[in-house]
Amino acid sequence: MIRVAINGYGRIGRSILRALYESAKRDRIQIVAINELAKPEAMLHLTQYDTTHGRFHTQVKLDNQHMIIGDDAIKLLHEPDPAKLPWKEMDIDIVFEATGVINDRLECEAHIQAGAKQVLISHPSSSDVDATIVFGVNQDLLKAEHTVVSNASCTTNCIVPVIDVLDRHFEVKSGAITTIHSAMNDQQVIDAYHDDLRRTRAAGQSIIPVDTKLARGIERILPHMKDKFEAISVRVPTINVTAIDLSVTLNKRVDIETVNQVLKQATEGSFSGVVGFTNEPLVSCDFNHDPRSSIVDGTQTRVSDGHLVKLLLWCDNEWGFANRMLDTSLEMIKAKSRT
């Protein structure tokens, strides 16, 4: 049984907990502690009720600085300094670092110094971590000695498996990406100050361009794609689910049927449970609470001149990513057991 602590109980932290309790992984992963500066009553309430994912299906209550979920007692901590957390005495195997602000090796080492054996970061990190993993593509890179690992981003997890399939079958020459991402908590409800002038504007009233490092994220997972992709991102007034408009130029000649067939076969084979494929006329809310990293919308596949391919990909940027955190943590422990 993997003993896990969650540091940061926001959108991703809560989704990880809920995803675990809805999955078949509870016999292998146990959340024993959550460190969050918010009050326990607020943590309890936001565990029980969620605007995006609905009510939690299991009874939850507070008891003596613990959150009780069924028969499980999860210790609630409120320590701002990770180095002071009681990870050694709690025998923590992996810390899910989900604050969104700790993203390099030096900062994560505080968890190791506090006694945790490994750290899995829930967002893109600096290049000094041991590995950046997109589950389904490169988890085989994990080694026993790795202590700080990044789970990349929701959009990297969405797009990299698809690029990988296209490249192996048709040789990707170059590509351009537009991420159509739901609003996030770094935006304003009404106009208010922010360092990014576009993010001073009300999130519910505009389509807002934001910076993205998605192209660099692709290069980190697929190094041979260096300088082959560019990406832009816009935030839209929805609370969950992201669409990605992917255009790629392929060296090999293709048609719509061939592209869709190859992608569909991948979802039934090596990427089963990670990438999906649909030919149904669906919209973004239909992918809410979908545990997969990416769903290819076959109805939107287009091919121009036999080499330029446009795809539409969907993902639940919270739920799919939370499920990959669980998957990657299991792979980290598996790699560690190979010593």
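Cβ atoms are placed via backbone N, Cα and C, with glycine included.
Features as listed in Swiss-Prot:
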BINDING   R11, I12, N317  NAD(+) binding site
BINDING   S153, C154, T155, R199, T212, K213, R235  substrate binding site
ACT_SITE  C154  active site, nucleophile
SITE      H181  site 'Activates thiol group during catalysis'
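The separation of H181 (site 'Activates thiol group during catalysis') from R235 (substrate binding site), Cα to Cα, is 5 Å.
Listed binding-site residues: S153, T212. The one with the lowest count of other Cβ atoms within 10 Å of its Cβ is T212. Of the recorded residues, N317 (NAD(+) binding site) and H181 (site 'Activates thiol group during catalysis') place their C-alpha atoms 8 Å from one another.
Once the Cα atoms of R11, I12, N317, the listed binders of NAD(+), are compared pairwise, the greatest separation found is 10 Å. DSSP assigns S153 (substrate binding site) to coil in the three-state reduction, outside any helix or strand. Remark: of the binding-site residues K213, R235, the most isolated position is K213 (fewest other Cβ atoms within 10 Å of its Cβ).
Distance from the CA of I12 (NAD(+) binding site) to the CA of S153 (substrate binding site) is 11 Å.
Each of the recorded positions R11, H181, R199 was scored by the number of other CB atoms within 10 A of its CB, and the lowest score belongs to R199. In this entry, substrate is bound by S153, C154, T155, R199, T212, K213, R235, whose most widely separated C-alpha atoms sit 20 angstrom apart.
Under the three-state DSSP scheme, K213 (substrate binding site) falls in the coil class.
In three-state terms derived from DSSP, N317 (NAD(+) binding site) belongs to neither a helical nor a strand segment and is classed as coil. Neighbour density at the Cβ, taken as the number of other Cβ atoms within 10 Å, is lowest among the binding-site residues T155, N317 for N317.
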